[in-house]
Structures are given as C-alpha cells and as structure tokens.
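What Swiss-Prot annotates here:
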SIGNAL    1-20  signal peptide
TOPO_DOM  21-930  topological domain 'Extracellular'
CARBOHYD  94  N-linked glycosylation site
CARBOHYD  182  N-linked glycosylation site
CARBOHYD  183  N-linked glycosylation site
DOMAIN    300-353  domain 'TSP type-1 1'
DISULFID  312-346  disulfide bond
DISULFID  316-352  disulfide bond
CARBOHYD  347  N-linked glycosylation site
DISULFID  367-402  disulfide bond
DISULFID  371-407  disulfide bond
DISULFID  382-392  disulfide bond
DISULFID  422-457  disulfide bond
CARBOHYD  428  N-linked glycosylation site
DOMAIN    466-519  domain 'TSP type-1 4'
DISULFID  478-513  disulfide bond
DISULFID  482-518  disulfide bond
DISULFID  493-503  disulfide bond
DISULFID  525-560  disulfide bond
DISULFID  548-578  disulfide bond
CARBOHYD  551  N-linked glycosylation site
CARBOHYD  636  N-linked glycosylation site
CARBOHYD  861  N-linked glycosylation site
REGION    868-918  region 'GPS'
DISULFID  888-902  disulfide bond
TOPO_DOM  981-988  topological domain 'Extracellular'
TOPO_DOM  1052-1072  topological domain 'Extracellular'
TOPO_DOM  1137-1147  topological domain 'Extracellular'
MOD_RES   1345  phosphotyrosine
COMPBIAS  1519-1528  compositional bias 'Polar residues'
C-alpha cells in the first residue's frame, strides 16, 4: 500500500462524515447514515468528548445489509473512556449512554414488569451493551444486523481530554464496513481480507473468516502453518486483492449473521480460493456525500473490461441480458469510472405458457341447517391454461361450519313397553311394542324417532289345509305433506293346500298421516323484494334466511308473522349477522395495527381506528350487526391502549365517547333489539366504557378530574388519593360550562360520601358485595377482572400493591338512552328512567349500611310501582347479568324522579310498570280525528279557490292575491300534517316534512300580517306599487323561509323530526324558532289592527267637516285634488270612498277572527302531533281546523260584497234602479260590464260636451274617479318635460268642481270668490302653479272641466287668430298683477282648456232647471261662442243620458247611434292596452273646438296697447276658454321662472303608481 492511499482515503471519509451526519439534537449525540466504509477517531466521532456522549450508525436495511466493525485497541482510549457498543432497533434522540444507577435500575425494573422473558433478556442486553476493551487481542471484530449501532463513552474523567496525547485523540480506533449480503462488491471483500491479513500478522498465526460471495486468496510463500487447506499458490497477488467467489471452505471460521452480536478476538485463517463463478454485479459505488446517490469512478480505463452478455433472463417473451465489469484498482487509490453493470432487452420468439388462474371465490351459500350447526360452501372457477401452462392448483370447493340459531329442544323417549302378542297364531307373524315421549315444556319439540317397534315372531307351522298371509311390506309415503293424508301397505297371501281355503282378511291396510294443517292463502307470505333481497314465499311462523345486501356480508333472516286477524305478513328483516364492508375493512386495519411489534405504533394506530369509526357512525347508515362489530372494535382498542405505552390524548378520549354516544342513541333502539337476539352487545358496551374510564383515569394526576359531555352521555373521571379523599362526590355538576340542556334540566343526581371511599382495604380481596360496575366478578381478588363474553384477554391490574391501592379512579356516567337498549327486565316491569353508572378502582369494601344516594328522573310518564334496581353481573340465570331490585332501597317517589339508596357501586336505574296505552303499538296511518279535521278544512278552502278562479277577472285585487297565498299555505300545512303521521317515513323524509311544516305554519301567520299591512296602506291612502307588492311576497314567503333556513343552518337539521313524530323536537330550544316568530307576528298584527280601527273611526265617526279637519292632521296642499298624481303618488281624499272604509273594516274584522282561530288550530296541531296518545288534542285540532276553513270561506266568499254582486249579475239579478243603457245593466240575463276606462270616458264626454249641472252628480263623479286605474301590464308613465320645454300632463280627466252655491245667470259676471290652487305634475312630483302673472283671480264656472293633454302640444302663440295677428307678449318682470288684464286673449296657458256651457238651444223647457243644491239655474243667452252647436248637418255630438224635455226624448237605439259617433268610439276595446291611444285621440277631438273659437276671436280681436278704452273691460269678462297652450320657450325668463311649480316641503312624493288606485283591501 502506497503512503498516498491512506491519506486520500482519510480525506474522502472526512468529507463523507461531514455530510452523512444528520443534524444532531445536541453536540453530544450524533446520527450517521449512508456510511459504506470508514475509519474514525475520537475527534471525528465526538466533537464534544464527555461522558454519556454517543455516536449512532444507521443500517439502511438490516434484511439486506450487515454492519461489520473492527475496534483497534488503544490503551489510553480504553482506560479513560471505556467505549461500548449498543445494538438498537430504534434511534432515541438525546439518549444517554451512562450506566444506570441503583435508583434508575430499580425504576427501570418496575417499568418492565409484565414483559415476556425474551423481551426482558433483550432489554437487559441492550442496556448493558458490549465492552470493546474487554478482549486481550489488538483487534475486536463485530457483526450486527440491527437497525442502529450506537458507540458510547461510558466513563470519562473531566481532565481526560487534557491528559490524552494528540496522537491518541487522532488514532482511528474504529473501522466500519457495510456489506451487501446478497451481492458483495470487490471493495468490501477486499476490506475484509485486509482485516484478516492484519489480524494474522498481529497475532503471529493464521486468521480468517468467511463471508458469502467473498474469498481471500492465499499469499505466495506463506508459512504452511498459516493455511489450513492446500491449494495452488497464487503468484503476484496483493494481500488486499480479492476475487469474488463462491462459499468459503468449511475450514474457515464463520461470522454468523442475524440478530446476535458475536465478539471475535481470535485469529482467523485464509481460505482456499474456490472456482470462479460468473456473478452479476449490481453494486454501484455510492457517493460519500449523500446517501442513496451514486458517485462516478475514476481510474485507468484499460483496467475495465466488460464480461460477456449473460443468457436471457426469460426463456420465452422479452427478457433482459446483463454484463458486468470489475474494477481492479486499489480500494485506497482512485475509484473506477462508469457503471459496473449494464442491461439490455432480449427478445425470444417462443410463446410463454399461460398457467391457469383461479377466479374470485363465489359468495357463501346459505347454512345447510336452519338451526344448530351446519355448513356453508363456496366455489371458484379456474381459467384454463394456455400454451402448455399448468392447471390451477388448490381446491375448487371450500366449506366451513356455520352456527345458526339454537334448535328447539327435543323431547325424551321413555322406556320401551313390553312386546305385544304375535300377529299370527301359527307360522311367522309380527310383534309390536311402543314407547312414550316426555315433553317438559310447551316450547319443546316432539321426540325424534318411531313411536312403535316391530319384530318378527315364529310359531308352529299352520296346517296345510288353509292359505296364510305373508309379511306386511313398508308403509308408503304420505299422500299429502299437510292436512290429513293416507299411508298404505300390502301383504301377500301365500299358496294354500289342495284342500285348503284362501287367506282370511284383507291384504291392504290404510292409516291417516300428516295431521299438520296446511296454511291457507291468507296465511302465506308472498314473495317480496326489499333492500335488494328477494324473500321467497313462506308460511306463517317460518323463518327465511337470505344473503345480506350487496354492501354487507353475512346472512339476514326474516320471519313470516300472523296478525290478529289471521293474515300473514312479513316481519322486519334481521341484520344482526350482517357486517358492512367498511366496518370489516376497519377491523382488518385494526388487526394490522395489532400485528405491529412496536407498542407505540400500535397505540397511534388505535387513534386512527377510533377516528375512522367515528366517521362511519356519524353517517347513521349501518346495520344492527355493525353495532355488535363496533363493540368488538372498541374492546380491542381499549385492550391495546392498556398494553401499549401510549396515553390516549384528549381528542382520542372525546372521539371514543362520541362513538359510544352515536351507538346508544335512541334512533338505534330497534337495531339493538335485533342485535340482542345474537349477543347482549349493550352489556358488553357498558363494560368496555367502564374499562376505558379507568384507563383514562390512570393517566390523570392526583386531584385531577376530567369531564366529557356528548349528546347521549356525560362522563366524569377523577383521581383521588386513598389516604386523603378531598370531599364528597356529587354528579353531575349542572352548572359546568358546556353542559347539555338535557342535563341542566334533569333531576338526576348522585351523592357519594367520602366515607365510602375511605373504607377500602388495600391488599385484601374485596368481599362479594364489593364488586363494582368496573369489577363485576364477585368473590375475586382485586388483581384480575374476568373478561366479558367474547373477550380474548384478561385485564391485569397493576401488580404493585402500593401503586394499585394508592389512588382511587372514580368514574360516573349518566346515560340518556341506555335504558332503552339494555336487556329488558322481566315483565311487566320496564326501565322508565335514565341509567347512571358509578365505578371505583380499586374496589371498595361496602359499608355496613346504604350510604350511596341516587336520584333518577323519569323518561316515561304515567308509570306505577317504581323500584330502584342495579345491574348484577353475577346472575347465574343469564350469561351477561340482569337487573337486581334487592340491592337498593326506594326512599321516595315523586312526580318527576325517584330517590334510591344503595349499598354497592354499580349501574342504577328505576324499574316500573309502564302505562297500559304505551304498550299498544302506534298505528302506521294518521288517526281519524286528524284526517277528518284536515279533510274538512281542505274542502272548504278548495271551494273558496274554485269560486275565486271562476270570477277572477271581476274580483282581482291585492286582497284577493293575499287571500289565495294564505289558503295555499294552510292547504300545504294540512297535507304535511297527514304525511308526517306515517311511521314508514325514513329519517330524511321525516326531517324534510318537519322543515316544510315549520315553513308553512309560519307563512300562514305572515300572510295574515300581510293582509293587515295592506289594510293599513289602504286606509292612509298610499298607492300600492309593484315594489310594495314585492314586499308583500317577501313578507308572506320570504320571512318564513329566512327563519327556517337560519334554524336549519344552526342546528344542521338536528331536532327536525324525531323517532316519534315529524315536527320540531321539544328538547334543545328549537321549538322557540316557531313560537317566537308566531308570537311577534300576532303582536304586530294586533297593533296594526288598532291603528286601522282608530283611523277609520276618526274619519267616519266625525260628521262636521271643520271638526274633522281640526281633529285630523294639518291639511295637505294636495287635499283639494280630485285625481291622483302619477308622478308624486299622492292620493286625494275623495278617492277614499266609503267602499274603501267598508273593505278596510271587513279586512280588520277578518283578521280579528281568523288570527286567533289560526293560532288555536296550529297549537292544537302541535300537541296532537307530539302526543299521539291523547285523543283530546286530536279532537280539538279537528274542531279548530274545520272551523278555520269554514270561517275563511264565509268571510272572504259568501260575505264579500264583490263576490255577491258578481254572482247576482251572473244569475240575471242586477240593480233595478239603472236604465237600460246603463253600463252596468243586464239584458236577457247577460252581464254588460263596461271597463273602467269606458266609464271614465263616458263621464268625461258628458261633462265636457254638455255642461249640465245635474249630470255632474258629486257622488257619481266621486264613484267614477275612485275607479280610475292604470294598465297593470304597462309601466306607469311619469310626467316628463317635452322636447320644447312644454309640460306633459296626465291624460286623465282634470279637475271637476261641484257647485256649492247658486249659479248666477249666464249673462251676469260671476261674483268674486277665492279659487283653489292648481297643481301640476312635473318631473319632481306635484307642484303648485302660480297664475297671478296671467290674470287676476278670476274663477271660472264651477262646472268647468279641465282637460290635461296627454302629450306636449305645439304651444305656439296666436292659435285662433288670423295670419296677420300679432304674437302675444308675456307680462314683463315687475309688472303688477292688475296689468295682466292687458295681455292679449290669444296668449295660451300650457296646461288647461276651459270649457264653457254648450248652447244647445233647448227652449223654454230647459229654463227651469234646478241644480242639486236647490238653486235656480238660468241658461245662458244664445251668444256665438266657441262651444255653440254647429249647423244641423254638422251636429254629431253626444247627447246626455237623461235630458229633461220632450225635445231630447229619443229612442235608446238612436241615442246609442248618436253617442260619440263623431269621436269614433267604436275603437274602444274592453282591454286596457289601448287606453293611452284612445285618450290621446279623445284629447285631439276636444281641441278641434279651437277652429270654432277662431271665428269669434276674429270678430273681437283686441287692439294693440293704447287702443280702445273698453279693451280691459272686455278682457275682464273673458273666461279661461280664451287661453290656448303655449310653449315655455315663448315666455320671458322671469315669467318662466314664475311658472316653475313649487314643491311643498310638508310632504314627500312617493314612487310612481303601478296598478289600480282601488282602495279595496
């Protein structure tokens, strides 16, 4: 070896160590991984040289690699540090290597109590380690197959690093080599050979060892004494050169592999080189920097020669060929470059044979026997081999035993009786004997076997004179399998003598058989397909077995039952032997965790199992067999936690008890009843919970307690020292944070005095009475607890008596529903209270007198004769225990709870006789009162809906729409009430039914509130728009939907539907989600009703107008309006007609009657649904619900005036006071109803064209104006400004003023009077118009009608004059108001046209007209005016309906022809879509009168200012009819500003109206 090789190797190893070490947790311990070879010193391994420091080397795969170590002895290192090696399976961070002291050794011995002997020996060997300095030789060789090897400095004085020489610290005393056991490389074999060579040289004799795949050649010229086997000398072979070979010769000393640690200090010999065999080299040189990476080699390329390609790995199909090359460079020199192995694919044209393959096993067949032990089988098929492959190996049929339900006990035969006489007096005959069957009970079956026994008997031969009968043959099969059948047997007559006679008797015998009655057709259950399973036809009483559904494995059973009426029906299937695939997979995962050798890993695996089990049970979709399987999983988890050194975390404990809470939920009662037929799983669960409580309690500190709260159980665990129990124990603590409501409101209580816990006797077995719920075995020692049924292991309490008796672990559990699933007591008793469990370990000695006080509340009301009882595990008559009523005393019984006083700690409950009606099964259909009440209410409401649908076009209004929604909510509620009473609903359907029932109950209340709100808006005169109607819908349907959505979101549907009814649960406060909103709605409805009633009384109750104004609010500026403004939304007071008040009062009365009845109906419905046993609540609901339907129908249908009028007209009975041409008259029984638009047009035309005062009846005008409406299909058109500055006014008729005093003569000037302000509709709403700049206050005739043009007219000056007429000028700014008289009469006003009385030339008969107020009416003189009637040929105006005088008497047909003929009113349609177009056409007709006015205006054309002096007087007498429309652009700036409408600050405009202005509610 050259001097440069060790130097280069040391540099490479130092770099390797620098990167291979993992970051150490401290400077005193380090972990190295990925080291192939290295020689290390103290300075390399221990940066901080101190006692207890360690250096750990990792073996990447103990099954594939082995660690070889050589220790080079150095006296100073051995003296000061005493290094030793520890083989480890796991690496422990910051593990100290110091030898344990006496105290630590004792503690470690205590912690190892209970371990197997093998584990104790292994632990002792690991703790002591291997002393490296124990041998006498210079070298120590070690071989390890462990995961880790740790080098420790066990002893080191503080001054040792300063006393050691630097050479000793730098001395490489440890060499490490990692060898592949399957394929050793040349480098590793060379290192082993070098170690053997150096060992032989140092010892002075031959030294050798064997390694599979390596052999060391013999050195040339060696001493014959150093070799043990002859061989040819190898020339020019280096001592460290190694040729891979086969196994070493037997003469070599083997270095054994495995888990043993072998120490070699003796010399080793070289072996003989075997024959060279080709090997495939798969070892790449690994990098010295990163483990798992390969490093390129460098060296002489000429020394690298590839071997020939190997034979193809496969004889058929595509395989691989491999070739290798060897690196012959020195291990201490440069490394070779390039890979040592290459592969390439090789193709073979031969077809590979395909062996036969078994398919999946089929499903297991049914058990061969219906009871007892039978067998089940399954088969599989083999896919046939191909191309000469092998056939399938293994059985095709597989069988296993199966155990079904126990067979009925058969009776026992008594002894046989004596033989009877022989049947024949001569020759051969038969004898019979019989026996009796003893049946002990009615459930026993008959005896199996024959009742009689027959044998042949021999007599003397009969005389030959007569014939004789031969023997009887066997009885034939019965002719019927059921009912009475027949069996026959025959015998033959043997030949008689020549003088004899034939045989006497008959050769056939018949007897009845099969007296079992055949089931009738109605006593047979038919074939049924349920849950993906087919149940075949069976007779009543038979049990049919079937395979479980596809998502489970096992067998399901079902019994055919017989009802009280004698009709067969299928019972519920039993799935107690069905296990879901998910639960079975979880159990397999549990077995895998249990198979782990490491206890810590097994404990962590149990946490994962509990988490998975919680997720499965949270889905609530499992079979009864899954519950039993879950109990077994929890038992295994508890046992694993006990054996493992793993303390369950708080989350693990919470999940464990949450799983138990899911399992004992009341919804699983039927599943537990089904599972009890196979195994008492609820009792096993009770014991598992007690064991887990003590497991958690052992991990607690002294005086520490733990409280776990779930939906169905509350657990309290605390640990108290035996010597000083702090205080008495009271459970549960209702005031604790996070406690459930069912615990806070219950009266369950446990009082455990501390004297009971101070009576224990450590070291002595508890007396038979001291067995607690946690230690059910009575008469046993405290060290063991017998396992329950199915338990595979026994629990060993701590063996140390001081530790086991120094602390009490006290556990108390309050179960909410455990009494429903535990095995029931003997009838007629039943568990009628909650169940409470108290367990204490170590067990206490029972006191001399009862000191434990337990108070338990009832879960079933109406029970009698209560008894306190405890669960006794030692009852001999049952294998799991039973209730014992003798262990507790019943102190007092109250209406809500019972107080008990017991002597032993156990599981307590109250047993009593349930009420008789509780034993009756609830019917699957709703009760008769509920059906009657819902049916009557639905029929009444459907009648109302049918009537409204028939007359909808005549009675359509907001009130009707609200009523229809209200009826729909009540109908849906009645239907859901009937659906929710069915017991066949699933959990999801029941939850949805409860949620929708909650929604429709609230919506019915909300629609009553909506009706009250609509009444209030009608009374105050606010116009309803589409926005308001949308608010009605939001209140009626949106508010209930919001309440239900919030409730469902917060509760996650918990509480919506229970196992008894489909309604809100009475526990948990969810019922307030219905009671609270309903109460608020009733209160708000009452307040609105009071307000509406006060407003109606304040308006209709005061007769004097002045008092009414003083009593009311301040008069609004738009109160004088007789028409609504389409822009501001103001409604004038005349529109609030008496019909509005009447409708509002009717709506108010309806709310006052319907709302209380609605509240009583739903309250009785809730009581009837939640308590189905009470017939009183069901009867009350039927009465209230029926009355509610009749009242709603009567109020809104039979008593409603609109419906009555429509029905009368349909029947041909209308008002008799109307004329034949009345728009609402009926002819020949046919209804002639004019649209609202036609009525308005008719009234406007009569008022404008014929200025008859008597036709302008105020009541008629008010009634007509109250019917004004807009088209519902069109958006409202607000008042907009025209393109030229003009105003667009409402197309509806204008201001109609009723004369309040005597009308002056037509030729007399009207007396001066104060005119009402005029309002205009603009963009901003309603504004008052200033008219003082146009003229003085000159009122027109009170009968004048103001027409508002629909659209902007061409308001150009000088409309009626000649072409040369001057344009009018507006009044300049600052001109006084009286100067307005000088304004030319051709100046138009942009909004109104004044209409004078039309002169018709009626004659004297028209002169004595009286107005409605009794004043004499003088007709005006016939002067030429713009409103005069033209020539007879041009006369085509509409005549009034009733005109006094003979000259106006025309036939109805002529009047109809004359009516509106020139106005072309045939275009008037009943639809409202053409209202706008017809109004525009009507206004154009009105403005055609301007051409007649132009002639009179030309005659009286005014002169310019300064002209005739009588001009002002003439203009003073002009009326408003002389003004025409003009644009705002023609006005001066100042007058234009004065024309701007003023907005009153006392009121705010509303939104544009959309819909009718009807004030009907």
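Each Cβ is built from the backbone N, Cα and C atoms, and glycine gets one as well.
Residues 666-667, 669, 741-742, 922, 979-981, 985, 987, 990-991, 993-995, 997-998, 1166, 1169-1170, 1172 of the same chain lie 6 or more positions beyond the ends of the topological domain 'Extracellular' (1052-1072) yet place their CB under 8 Å from a CB of it.
Over the topological domain 'Extracellular' (1137-1147) the predicted model carries a mean pLDDT of 63.
Counting only the Cα atoms, the space from residue 578 (disulfide bond) to residue 402 (disulfide bond) is about 14 angstrom. Here the candidates are the recorded positions 347, 407, 548, 636, 888, and by Cα distance the one nearest residue 503 (disulfide bond) turns out to be 407. Taking the C-alpha positions, the distance from residue 428 (N-linked glycosylation site) to residue 457 (disulfide bond) comes to 6 Å. Around residue 382 (disulfide bond), the C-beta neighbours below 8 angstroms that are at least 6 residues distant in the chain are 356, 357, 358, 359, 391, 392, 396. The distance from the Cα of residue 548 (disulfide bond) to the Cα of residue 888 (disulfide bond) comes to 44 Å. A helical conformation is recorded for residue 636 (N-linked glycosylation site) in the three-state DSSP classification.
The Cα of residue 402 (disulfide bond) lies closest to that of 371, out of the disulfide-bonded residues 312, 352, 371, 513, 518. In this structure, 316 is the one among the disulfide-bonded residues 316, 888, 902 with the smallest number of other Cβ atoms inside 10 Å of its Cβ.
Residue 371 (disulfide bond) sits 26 Å from residue 513 (disulfide bond), counting Cα to Cα. Within the topological domain 'Extracellular' (1052-1072), the DSSP-based counts of helix, strand and coil residues read 1 helix, 2 strand, 18 coil. Neighbours of residue 482 (disulfide bond), defined as other CB atoms within 10 A of its CB across all chains, total 13. Separation of the C-alpha atoms of residue 182 (N-linked glycosylation site) and residue 316 (disulfide bond): 27 Å, rounded to the nearest whole number. Other C-beta atoms found within 10 angstroms of the C-beta of residue 478 (disulfide bond) number 15, with every protein chain shown included. Between the alpha carbons (Cα) of residue 316 (disulfide bond) and residue 457 (disulfide bond) lies a span of roughly 80 Å.
Spacing of residue 478 (disulfide bond) relative to residue 551 (N-linked glycosylation site) is 44 Å (Cα to Cα, whole number). Secondary structure from DSSP puts residue 548 (disulfide bond) in coil. In the structure shown, across all protein chains, 636 is the one of the glycosylation sites 182, 183, 428, 551, 636 with the greatest number of other Cβ atoms within 10 Å. Within 10 Å of the Cβ of residue 371 (disulfide bond) there are 13 other Cβ atoms, across all protein chains.
Reported as a whole number, the C-alpha separation between residue 518 (disulfide bond) and residue 525 (disulfide bond) equals 14 Å.
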